[in-house]
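Per TrEMBL, the features are as follows:
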BINDING   63, 64, 69, 85, 90, 142, 143  S-adenosyl-L-methionine binding site
């Protein structure tokens with residue numbers, strides 16, 4: 001019998017941000033398999049935000065988790081970034097890095113890799129400061145609600161970013177479709193969605209705790225994005241394999257879509 005889908009309160013009690021970061025974001029380029037998903041995300045987000053078409057005043061990141069890698073390219077295109085996550089622990093872990101607190105996760109290897117991609121590995125300190133300056137707020141969010149940032153009501157943004165969030169937040173395909181429509185409500189007409197999805201996964205581990213993922217393939221993702229009122233401008237996917245006892249995903253995709 002299949003395990004029940006992870007409930008929201010389980011995240012509050014058992015999701016340990018530092019363990020998640022150490023498992024999936026401790027960057028070792030020589031250990032290609034362990035960082036394949038991170039490297040894919042960095043490269044495709046770099047492409048998305050350096051194409052010239054996605055820029056503006058405000059970007060809202062839905063389901064940021066405790067991570068900042070997704071902002072390394074976005075901070076060059078937007079004056080203001082609003083980060084958000086469901087769990088208090090994830091938001092606090094991000095704040096530790098923003099405040100440069102002792103014991104905060106060391107993102108410098110990831111930042112250096114991205115800066116090397118941009119052509120100057122040595123500007124990594126400057127890049128970190130640019131990200132810190134760009135992130136103006138770290139808010140509570142729940143993507144399953146019609147307004148994911150309720151009770152706040154923010155002006156529509158130029159872009160919404162969502163990386164590796166919906167598969168963990170949505171218990172079934174109707175909820176997944178609704179979540180994309182909920183995110184669309186945060187975007188100006190003609191604005192952009194930048195979406196990073198994990199494909200063909202049912203679970204991932206953080207420490208000794210198992211967390212559910214909704215199984216979606218690339219076709220499911222495309223259909224949900226289009227149904228939410230977007231035209232897909234480009235989409236790129238990849239295949240990979242983590243150790244099956246840790247994370248059973250078979251692939252991922254990143255897409256850029258424009259709100260009709």
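Heads up, the Cβ atoms here are built off N, Cα and C, so glycines get one too.
What you see is a predicted model, and the numbers here were worked out from it, not measured in a lab.
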Among 64, 90, the most crowded of the binding-site residues [Cβ within 10 Å]: 64
Greatest Cα separation in angstrom, residues 63, 64, 69, 85, 90, 142, 143 binding S-adenosyl-L-methionine per the record, works out to 21
Cβ-Cβ neighbours of residue 85 (S-adenosyl-L-methionine binding site) (radius 10 Å): 26
Residue 63 (S-adenosyl-L-methionine binding site): tally of other CB atoms within 10 A of its CB: 24
Mind giving me a neighbour count for residue 142 (S-adenosyl-L-methionine binding site)? Other Cβ atoms within 10 Å of its Cβ, every protein chain shown. 18
Which chain-mates of residue 69 (S-adenosyl-L-methionine binding site) that are at least 6 residues away have a CB under 8 A from its CB, listed by sequence? 25, 38, 41, 42, 107, 110, 114
If I restrict to non-local contacts, at least six residues apart, and a C-beta distance under 8 angstroms, what lies near residue 143 (S-adenosyl-L-methionine binding site) in its own chain? 62, 63, 86, 162, 165, 166, 169, 170, 179, 182, 183
